[in-house]
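Trainee: Annotation comment: TrEMBL describes A:213, A:219, A:222, A:230 as [2Fe-2S] cluster binding site. The domain 'FAD-binding FR-type' feature in TrEMBL is assigned to A:3-92. According to TrEMBL, the feature transmembrane segment maps to A:97-116.
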């Protein structure tokens, strides 16, 4: 039962960027790309986190607030308690696909790319954007999978100087893609949904919202324009943002 | 043709299913989806005078098979935001307001304010089992407090007034009579059951952040049915059966015990937003098969046996 809490131990911790740590647990779950787990810190809080890998369970966590600050202090051997997976997964199209991740938003996209068989990963182009070079997450990991990786930085310290949306527009003008998948800041995903819509390309985005009941879809806290993000999402077609 | 419509204290509902308060009732856009799901009426999430953060997570867990347990702690953006939001209601399906407050004076003030929205009825909740300062934890479940609060609210509104009671107090008949005598038009029976508690043994910690929570879900239905049965004998005003109602057969059972309408909340988890439609189809089928033309002819029939 995915509603029952499981407690695992941290097997290893990787420092991905100055803000992002990857936690690999000694436990595995069955999950689909795009789904998430709710991590419970007893006596403190419970928050959703996208799944990077289901087996062994790997989570990539950016330090953005009090809850993630506590998680960042966890060490190898410490307990992590979670329930899930929850939510809808990406509909993965065969053929050339484009993944666009803004900062730590690349997390669910990595699970998506790794779920595609190795010989087909050359069809995957990934655009990863961050403010500056050292904040770019998962570049090596996507390359190791065999994807084509393009990076953008706001300050030009690596790759294209500018936003992921500019590079995406250029890519969509020059190449034919079967589908576009995006996760990152809302403003970025909106723009990407618009671009995909104009080009009539299938597009999915991963929405972020404030979760309370987290996965049950009944408390209503996470609703955006009447969409129950924790249950009907977090993966939606881009058109919901138009 | 069978008739699913019911008359709830003067409000005509196209069917007896009402979205219970606290479920998806934060905004108009989401409530509209519940209307599409077939609800006969929808209740907003209870509003308080000031915005409230509510309890930390976890606020809701599956406590055991058939039981959910929650301690949300009235997270809401406050009455002023609520008025702005629900003023936009433009559906034919009735919108039911819901308020909670610390005392009769505050309830009265909220009653004045909430009437700036197009609500068709008002629910006052005297029965939350898990929020300090409100409901059971503030002694609002007693006959005395019920009279005091109901009277104060009654003075401020002509709308049909529903009082939501707790199934966890012994003298529910007395409390319901108190509400009726003070001017209530409807009894909502009732709030979540309990409170209960679950501990995660791997962490040696209560799971809900507030440690205790009210229980909902199919497993609490027998308590709802018994409570409605008791209240039907105690009061003359219509009763909404809330707690564990998941199917059309559950509605038939509640109506036989004496309910006029039903509240559905956790049922959305089990059967999706279209739970209302599904429940109505099941009621219709049952009525046809058993040669009843409407729900009215079934109401309270077990009291005659």
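Including glycine, each Cβ sits where the backbone N, Cα and C put it.
Automatic prediction, not curation, is the source of TrEMBL annotations.
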Trainee: Against chain B, with Cβ pairs under 8 Å, which of the binding-site residues A:213, A:219, A:222, A:230 show up? Give them in sequence order, please.
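Mentor: Near chain B: A:213, A:219.
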Trainee: Which number gives the other C-beta atoms within 10 angstroms of the C-beta of residue A:222 ([2Fe-2S] cluster binding site), all protein chains shown included?
Mentor: 26
Trainee: Should residue A:230 ([2Fe-2S] cluster binding site) be counted as helix, strand, or coil on the basis of DSSP?
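Mentor: Residue A:230 ([2Fe-2S] cluster binding site) sits in a helix per DSSP.
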Trainee: Can you check which residues sit near residue A:230 ([2Fe-2S] cluster binding site), meaning Cβ under 8 Å from its Cβ, same chain, 6 or more apart in sequence, and list them in order?
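Mentor: Sequence-distant Cβ neighbours: A:48, A:86, A:87, A:209, A:211, A:213, A:214, A:215, A:216, A:217, A:222.
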Trainee: At a C-beta cut-off of under 8 Å, are there same-chain residues at least 6 beyond the transmembrane segment (A:97-116) that contact it? List them, or none.
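Mentor: Counting only partners 6 or more residues beyond its ends, the transmembrane segment (A:97-116) has Cβ contacts under 8 Å with 19-20, 31-34, 36, 50-54, 60, 62, 90, 123-131, 135, 137-138, 141-142, 145, 147, 164, 168, 171-172, 177-185, 188-189, 192, 206, 234-235.
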Trainee: Where does residue A:213 ([2Fe-2S] cluster binding site) sit in the DSSP three-state scheme?
Mentor: coil
Trainee: Per DSSP, what is the residue tally for the domain 'FAD-binding FR-type' (A:3-92) in helix, strand and coil?
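Mentor: The domain 'FAD-binding FR-type' (A:3-92) comes out at 7 helix, 47 strand, 36 coil.
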Trainee: Need one number: mean pLDDT over the domain 'FAD-binding FR-type' (A:3-92).
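Mentor: That stretch averages a pLDDT of 97.
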